[in-house]
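Engineer: Sending over a structure as structure tokens; questions will come in a sec.
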Amino acid sequence: MKQRTRTTGNADASAHGVESVHSDRNNKRATKKMKFQQKLLKFESLPDYMQDNEFIRDHYRCEWPLKYVVLSVFSVHNETLNIWTHLVGFAIFLCLTAVSLTEKATVENLVGRFFSRPGTDGPLMMKMNKKTNGSDAFFLESYLRHIPKPSILHVNGDSDVIPKWPWFVFLGGAMCCMVCSSLAHLFACHSRRFYLFFWRLDYAGISLMIICSFFAPIYYAFSCHPYWRLFYLASITGFGSLAVVTLFAPALSSGRFRSFRANIFLAMGFSGVIPAAHAVILYWHNSPHILVALGYEIVMGFLYAAGAGFYTSRIPERWRPGAFDIVGQSHQIFHVLVVVAALAHSAATLVIMDLRGGLPACDG
Ligand SMILES: [Zn+2]
């Protein structure tokens, strides 16, 4: 009995020993596997579908388990800044939305912070150029002077209120684009399926932001011309939807179609020249201030065009492959330009809202 017990005990011990050796081995294998999976790869080691930009030489995450993909938002690799540039962009537009929703006099305060009313001494940015000394006093003065702007929400006394929802449509579109982009840069490395899905989500986000960008300025500028408003909004929505359908073709996600994709987005963006010219003609006599909005839109156009230029040319990494893997690659510059361009568009939209609010109600 004793013997048996001892034997059983020994057998248990040895079984336990074997088990622990096994589990040790399994653990080591798992750790090795994880280490391997978390290793950053060079361009040559990537599967075909991930080989997009040969000038980014190293620091690729490739087919990592989802948990590590999620955690990689806080680690350094060649997509870190691509993720964060648009996360910061998302935070900026979220703040704008929160301010617009929570402040008492919402949009008028936003306008008040950046612009003066038509007929006063010009927008804040112009004045900033004129007055460069005593900046603290200047900011305080301009802030205090421009806060009370009742006209923006009330065209004709209290009865005719300018709706704010088109402004929120734009902010929503911008946030959607930024978040889709960040998610795409984070998750596309997980698998071929994710790669195809998330890059198409990114293109859909860009198209949505372009469509939503058109919404507010057209809505406000053509508020007295409902047919033109409907025509422009229907055209850009149709064009945008067509762009999304085209870009969803899996073949167009490849590097070969980089220029084609950039051109589709640019064509969508620059089709805004037509309603912009139309609005300038409509407002020219009554409100020369429309030119300020036009100025911001031109700045936006330049920024988007410059962004598309970086995106397609892959400058500067083309000049020194491998030198910009982590910081300074074309795609990061493109992301920053997109955020700044969207802010320029916000400024233009606020000017148009302010201008519309300062005009009398429609004649007919
Ligand atoms: Zn991107």
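Placement of Cβ uses the backbone N, Cα and C atoms for every residue, glycine included.
Please treat TrEMBL annotations as automatic predictions, because they have not gone through curation.
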Engineer: From HIS59, HIS77, HIS185, grab the residue that TrEMBL records in the same Zn(2+) site as HIS331, HIS335.
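Structural biologist: Same Zn(2+) site in TrEMBL: HIS185.
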Engineer: Of HIS331, HIS335, the binding-site residues given in the record, which has the fewest other CB atoms within 10 A of its CB?
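Structural biologist: Each of the binding-site residues HIS331, HIS335 was scored; lowest Cβ tally within 10 Å is HIS331.
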Engineer: So, taking each listed stretch (81-101, 167-189, 228-252) in turn and counting its Cβ pairs to the transmembrane segment (201-222) that are under 8 angstroms, which one gives the highest count?
Structural biologist: 167-189
Engineer: How about long-range neighbours of the transmembrane segment (290-312): same chain, 6 or more residues beyond its ends, C-beta under 8 Å?
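Structural biologist: Residues 115, 122-123, 217, 221, 258-259, 262-263, 265-266, 269-270, 272, 276, 279-280, 283-284, 330-331, 333-334, 337-338, 340-342, 344-345, 347-349, 351-352, 355.
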Engineer: Would you kindly list the residues that approach the transmembrane segment (81-101) from elsewhere in its chain, counting only those six or more residues past its ends and only Cβ-Cβ distances under 8 Å?
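Structural biologist: Sequence-distant neighbours of the transmembrane segment (81-101): 73, 107, 109-110, 164, 167-168, 171-172, 174-175, 177-179, 181-182, 185-186, 326-327, 329, 331-332, 335-336, 338-339, 342-343, 346.
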Engineer: Using the recorded Zn(2+) site (HIS185, HIS331, HIS335) as reference, state which further residues of the same chain have their Cβ within 8 Å of the centre of those residues' Cβ atoms, listed in sequence order.
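Structural biologist: Result: GLU79, LEU81, ASN82, ILE83, THR85, HIS86, SER181, GLN332, PHE334.
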